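Undergrad: TrEMBL feature annotations, pasted as is:
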{"type": "ACT_SITE", "residues": "137", "note": "active site, charge relay system"}
{"type": "ACT_SITE", "residues": "173", "note": "active site, charge relay system"}
{"type": "ACT_SITE", "residues": "347", "note": "active site, charge relay system"}
{"type": "DOMAIN", "residues": "128-388", "note": "domain 'Peptidase S8/S53'"}
{"type": "SIGNAL", "residues": "1-20", "note": "signal peptide"}
Ligand SMILES: [Ca+2]
Ligand SMILES: [Ca+2]
Ligand SMILES: [Ca+2]
């Protein structure tokens, strides 16, 4: 039985990854696998015992059937590597009740959320391998079936209640963000933008979703110092507060900001080459009034719906760099290790771009944050012809990862 399960699961994986190659265990050159059902034992002319009937079949057709392919409870047998002539003879053998060619199957269970599909993520060659994405948020659900790439984390604010670790998620927000970035390509749940990226949880927000700038600064200090083996780092911050950009229009200026939060963001991006992606905010306001969205060193993301339109609540303005899916987004949730939830916000748009940054860095690990941003903007889709019923100006292009 073991071999059958292995062959099927490999095919499932192959189907999910849209690879045309067939695993050698499943189908060897020139041969085809069949599933045979033997004539029921009731037949008076045939031996009663399954093993005896199989032995007779093996002798008659020159077969040698391994133990794991003899499925006695089902009166069935898996026959591998048959030539067309062998299959024809077997089909005509009165001891064989049914002979059906094996067939590739794939799991129906994994859903590709509309946003992941809309930006073209399933078509990319890069999957985010070799890149670390730090979710600076409410934590990430530890042990979630679709977040098996969660490597560890750090808690500034500790998880309370049902928690496996201090950076476990007692809210759900961070788990949802993490799933959009990198939910793994398996047979369950959803698919993230960069399913081969590794996730790190940086818990700076409490179970109620609140935190402080000082907590974020502590979290970013950990990210900078964290030894991830030298892999490129991406930070997603689907959070913000009120504030303005003291150096608007300047990207990594040599004279650094005297605002402590902005100064820390500049150090992360300009000195430590960490790509920082942030939500524009949900106030229906100019993002210039919200930080970190207003800072020019980050990639600021507005939210769109599946009709290629912006909701009125998405923040807007010159500080917004990219639009990405953020309305009715299905992703992982923290209620259990098998939970999923559909929610909306620029918080949900930002991780699409963070995943996209991981795709870029997966292919070009030496890119600076400025080069990552440029690559994303160059590849982005023009929104000039979009309807935009939001009532707010949205000239920013839409995230597109096709070709990465
Ligand atoms: Ca999945
Ligand atoms: Ca700015
Ligand atoms: Ca910006």
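The backbone N, Cα and C atoms fix where each Cβ goes, glycine too.
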Undergrad: Roughly how many Å lie between the Cα atoms of residue 173 (active site, charge relay system) and residue 347 (active site, charge relay system), rounded to a whole value?
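TA: With distance taken Cα to Cα, residue 347 (active site, charge relay system) is 8 Å from residue 173 (active site, charge relay system).
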Undergrad: Around residue 137 (active site, charge relay system), how many other C-beta atoms are within 10 angstroms of its C-beta?
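TA: Result for residue 137 (active site, charge relay system): 29 other Cβ atoms within 10 Å.
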Undergrad: What are the sequence-distant neighbours of residue 347 (active site, charge relay system), meaning same chain, six or more residues apart, C-beta distance under 8 angstroms?
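TA: Sequence-distant Cβ neighbours: 173, 176, 177, 238, 239, 279, 282, 326.
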